[in-house]
Amino acid sequence: MPCEGCTERDNRTLDATMEFLLLGFSELLRLRVLLFLTFLIVHLVTLAGNVMIFMAVVMEPSRPPMLFFLCQLSVIELCYTLVIVPKTLLSLIVVDGSTISFIGCAAQMHLFVALGGAECFLLVAMSYDRYVAICQPLRYVAVMSEGLCLRLAVACCLGAFAVALGLTVAVFRLPFCQSHRINHFFCDVPAVLHLACTRSYTPELPLLAACVLLLLLPFLLILTSYVCIAAALLRVTSSVGRGKAFSTCISHLTITLLHYGCATFMYIRPKSSYSPAQDKMVSLVYTNLTPLLYPLIYSLRNKVIRGVLRKMLRKKKIAQL
């Protein structure tokens, strides 16, 4: 049964002029200034951290595969925050919410899903790198060649963008109700699906398929890699060697848990359990705090990154002197 006030032709014949209203944090009028300053500071620190890691990796002449993947991860996080945060800051400035066009909303959703999916696939590539380094150390250089790393990076991006395109087209082909008020600070998939003029579960099938391809399958591959790593570490007699090998995986494991934990809570659930207030709070963590934590986790845990950053700081001090 379509919802009352449904206009099936709206998003098919008027897509050039249709606009959505992003309500953002319109219910928190008294906290607008505080939220704006907090998001702005977090955004600038996130940009600075990811740019610093990117520059550190680029300036390193000998880049092992993990640094190559880390560089790609930083680029994804930079694009990820630039897709979401500027519109979020704008929604805090405009009292009644900010508008976004039909095409702009579709583009934002596509880029958000594509970049998040590319990160999921990239985490699989990084787990494979750790698997080869620990389980097949003698073949590591031969297996993780520069050509393979480049092919994996391209495959991560192309695969994620293809899945995101299919999901975005499926969502925006749905008939929307006359109320185009999105109770969110960006065009997230559950928030837009909530406006669909249908009470069946059919519109959720593309989201379910995307979750299987972007979340479930990559997570199973990562889990398989770490099961093999754990089995290999159990055969190591030296506790020191076991600890050193495991310490190289801690950063990747932490980021994997953060990324998949938030994404699973957000997207693997039925439409009936949609809660705008709860979704916005989780999305704040997902789109603002986790991109901030990633460069901190890797810069603190990765010896190569720490060494390159120290070199950069020394060169800067010498240049100032």
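From the backbone N, Cα and C atoms, a Cβ is placed for every residue, glycine too.
All TrEMBL annotations are machine predictions without curation.
The annotation domain 'G-protein coupled receptors family 1 profile' is assigned in TrEMBL to 49-298.
According to TrEMBL, the transmembrane segment annotation covers 33-59 (among others). The list of residues near the transmembrane segment (33-59) in space but at least 6 beyond its ends in sequence, with Cβ under 8 angstroms from a Cβ of it, reads 25, 67-68, 70-71, 74-75, 77-78, 81, 85, 88-89, 92-93, 288-289, 291-292, 294-296, 298-299, 305, 308-309, 311-312.
The transmembrane segment annotation in TrEMBL covers 66-85 (among others).
Per TrEMBL, transmembrane segment is recorded for 100-128 (among others). Beyond the transmembrane segment (100-128), the same-chain residues lying 6 or more positions past its ends with a Cβ under 8 Å from any Cβ of the stretch are 11, 14-20, 22, 66, 69-70, 72-73, 76-77, 79-80, 83-84, 87, 149, 152-153, 155-157, 159-161, 163-165, 167-168, 171-172, 182, 186-189, 192, 210, 213-215, 218-219, 221-222, 225-226, 252, 255-256, 259-260, 263.
Positions annotated as transmembrane segment by TrEMBL: 148-172 (among others).
According to TrEMBL, the feature transmembrane segment maps to 207-234 (among others).
Per TrEMBL, transmembrane segment is recorded for 246-269 (among others). Proximity of distant same-chain residues to the transmembrane segment (246-269), defined by a Cβ-Cβ separation under 8 Å and at least 6 residues beyond the stretch ends, is recorded for 116, 119-120, 123, 126-127, 130, 133-134, 188-190, 207, 210-211, 215, 219, 222, 226, 229, 233, 279, 282-283, 285-286, 290, 293-294, 297-298, 301-302.
Summarising the annotation, TrEMBL assigns transmembrane segment to 281-300 (among others).
Confidence across the domain 'G-protein coupled receptors family 1 profile' (49-298), taken as the mean pLDDT and rounded to a whole number, stands at 85.
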